[in-house]
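Annotated features, as they stand in TrEMBL:
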- 12-34: transmembrane segment (TRANSMEM)
- 46-67: transmembrane segment (TRANSMEM)
- 73-94: transmembrane segment (TRANSMEM)
- 150-174: transmembrane segment (TRANSMEM)
- 189-208: transmembrane segment (TRANSMEM)
- 228-249: transmembrane segment (TRANSMEM)
- 269-289: transmembrane segment (TRANSMEM)
Amino acid sequence: SLSAGLDLPGRFLFATLTLMAVIAVLVFIEEAVYIYRKIPSSKRSIIIWINAAAPVISTTSCIGMWVPRSTMFTDFTAGIFFAIVIHKFLMMMIKECGGQKLLLRRFENGRFTISTGPCCCCCPCLPRVPITTDLGLSNFFFFLARQTLFWLKLGTFQFAVFRPVLIFLSIVLWTNGNYVLYNLSPKGPAIWISSFIGVLTLFALWAVGIMFRKVRILLACKNIIPKFALYQFIVILNHLQTAIINMLATQKIIPCAPPLSSTARGSYIAQQLLIMEMFLITVISRVVYRRKYHDLEPPECAAEEPEDKKQTP
């Protein structure tokens, strides 16, 4: 068994990482109870979903560490869950602005900057997409503004829908022996499925980046920048870090350590790092999301305040 093949330092490491994963789950449960009691129902489920990202990834990594043969299923489970979280994060920014209608009113005559990462950060010449014009002049412009938000939401929603479908297809092919994760030859399905998932991921992250760039100043009072930073850390650590480690293991840069092959050892390293990193993110998220934030004032009130002050003697 796995535990029988570990020496004393190895058992201590596994026990410590397992304890960290358990603590992360307990911290999330306590935070979910707090959110359920203190947060309005319109935002409750979205915030719980976002806070659950790090504990779920930590738990799946812990299971994959103890049961190496389940790595395919645990990685796919974490990938499906985080695809939904990306869409939830975009919806959270819209909810924090007061909803779709209030968002359009707050940024009346504004524009979305689409020259942002990860797709178009090197294209500053791209035009800025108008959000809306005077809502009182024509309902047509309001329709166009809603269409702009629709495309942003579709950018994350497509990822939450298509990634589980592609992952399910990968598991079916894997059980039949046709899908090999580290076989990147053009004749194998792994390179095509992974490339398609990568393109969907870029479009989803691009939509979130466009929305964040527009609302970051308005939602600074709600600590949207630390929240976005935590979300970005999860993206980088769960996707980019794991991909780099697996690439190094595939190229034999990470040496084998019998009875573990290079790929198996790379998977172990990635899982152990994720457990520690997601534990820290869970604790920090508890501090960031647990604070009480006041709702933003309606845009009409914000516009009337200067006039009231001018009339005051």
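Just so you know, glycine gets a Cβ as well, placed from its N, Cα and C.
As the structure is a computational prediction, the values presented were derived from the model and not from experiment.
Note on the transmembrane segment (46-67): residues 2, 14, 17-18, 20-21, 24-25, 27-28, 31-32, 35-36, 39, 74-75, 77-78, 81-82, 84-85, 88-89, 91-92, 95, 227, 231, 234, 238, 267-268, 270-272, 274-275, 278-279, 281-282, 285-286, 289 of its chain, located 6 or more positions outside it, place their CB under 8 angstroms from a CB of the stretch. At the 8 Å Cβ threshold, with sequence separation of at least 6, the transmembrane segment (228-249) lacks contact with the transmembrane segment (150-174), having fewer than 3 such pairs. Same-chain residues lying 6+ beyond the ends of the transmembrane segment (73-94) with a Cβ under 8 Å from its Cβ atoms: 43, 46-47, 49-50, 52-53, 56-57, 60-61, 63-64, 100, 103, 149, 152-153, 156-157, 159-160, 163-164, 167, 170-171, 204-205, 207-208, 211-212, 215, 219, 224, 228, 231, 234-235, 238, 242.
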